[in-house]
Amino acid sequence: MNQLMTEIIDGLGVMHLTPGNVAMWLIAFVLFYLAIKKGVEPLLLLPIGFGVFAANFPLTGLLEEGGLFYIFYHYGIENELIPPLIFLGLGAMTDFGPVIANPKTLLLGAAAQLGVYAAFFGALFTGLFNVKEAACIGIIGGADGPTSIFLSANLAPHMMGAVSVAAYSYMALVPIIIPPIAKALTTKQERAMPMGMMRMPSKTEKIVFPVLASIVIILLVPKSAPLIAMFMVGNLFMESAVVDRLTDVARNALMNIVTILLGLGVGSTMTADSFLNSKTIGVFIMGVVAFAFATAGGVLLAKLMNLFTKNKVNPLIGAAGVSAVPMAARVVHNMGTEANPQNYLLMHAMGPNVAGVIGTAVAAGAFITAIL
Amino acid sequence: MVDWGNATSVALSGIISVFAVLAVLQIAVTVSGKVIEGMAKSQAEKQKS
């Protein structure tokens, strides 16, 4: 009888609850608050938050081999399935028209990746991280959640929770992070610089772009193929306009399903042991560094380009190179309008904005090639 | 202990890759745009004549 009582009591989850579990619940509640009350990336932070919450109940078996969250994580994220599927949906929603109309904005997307490498070195200087971990922290500067998760799954799976939460949280803070840096690096005259009407690319150009981009990018950085190939096929679905059903599924139903699995899978990696340590604080600090340098890189290259080119660009659009589509472009547009009410920078800023997504995927592929 | 030589080569190869890829893509998009535009113009002229 005594033994039976001991077994019953021992089987109660509450008997195995640790202070670490409770601390992780509090973090989950913060994520719920940010997502529900503040509207911070709710599509991701809400499932991630619940993943954190559920993963920190004792004795559930959710994270053990064969457990539900283990299956989400192992087959969806560790095997690199879900981030490319998210890219498929993103491709089916992305208009590359601004990049095709003004191809030099691709270089602004490249310049914004300087933040990735600044944070990479910053993380190494702290002495807390090795090269693989520093690469995952650096990629936060790309402001691209799926790419951050993709790279973490490849290089440092134990960092995935902190890296992805930092990436999605800072993406939502783009309206706070970009303006002071962009203002500090530009004069009012530069911010007020108007940009002419953008030409409208033909349908043929839009159909050719995903094929051309796949050839160039995958031939030069083959390890970026999972992300780039899916991004471009999604875009080809949309631009060809002959597979509306596939386009619709890619950007709606499939995107929503994989977002749920991604959020829960990533959240489930955030157990007390893996999250409550000094490295997590380092990830969040370096994430801001990454965003700041990414913004600065884009703005400074735009100013440099203006010294050598005839068709000058408003340097503010360089700040939109920090992906975070389309929020970064909107922030840049608002700053331009503030400096000159006649300014309409939104479509011009979308060029570096989508180029930043490509640039971050290439940076992730380059890290995998160089490190693995 | 960080291997700074390795870290520098990782960063340099990454920066070069990102800029090289996007610069080549910029050239490819510019050239393909001109070719497609030229083809569209000559087709329009043919139809006129």
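Placed from the backbone N, Cα and C atoms, the Cβ positions cover glycine too.
These come from TrEMBL:
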TRANSMEM  A:20-36  transmembrane segment
TRANSMEM  A:43-61  transmembrane segment
TRANSMEM  A:81-99  transmembrane segment
TRANSMEM  A:106-125  transmembrane segment
TRANSMEM  A:167-186  transmembrane segment
TRANSMEM  A:207-233  transmembrane segment
TRANSMEM  A:253-276  transmembrane segment
TRANSMEM  A:283-301  transmembrane segment
TRANSMEM  A:344-371  transmembrane segment
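Contact check: the transmembrane segment (A:43-61) against the transmembrane segment (A:283-301) gives fewer than three Cβ pairs closer than 8 Å, residues 6 or more apart, which falls short of the contact criterion. Most Cβ pairs under 8 A with the transmembrane segment (A:81-99) among the ranges A:167-186, A:207-233, A:283-301, A:344-371 are made by A:207-233.
The recorded stretches the transmembrane segment (A:207-233) and the transmembrane segment (A:344-371) share 3+ CB pairs below 8 A when only pairs 6 or more apart in sequence are counted, and are therefore in contact. Contacts between the transmembrane segment (A:106-125) and the transmembrane segment (A:283-301): present, as 3 or more C-beta pairs lie under 8 angstroms, all at sequence separation of six or more. Long-range contacts of the transmembrane segment (A:20-36) within its own chain (CB-CB distance under 8 A, at least 6 residues past either end) are made by residues 42, 45-46, 48-50, 52-53, 55-58, 165, 169, 172, 267, 270-273, 275-276.
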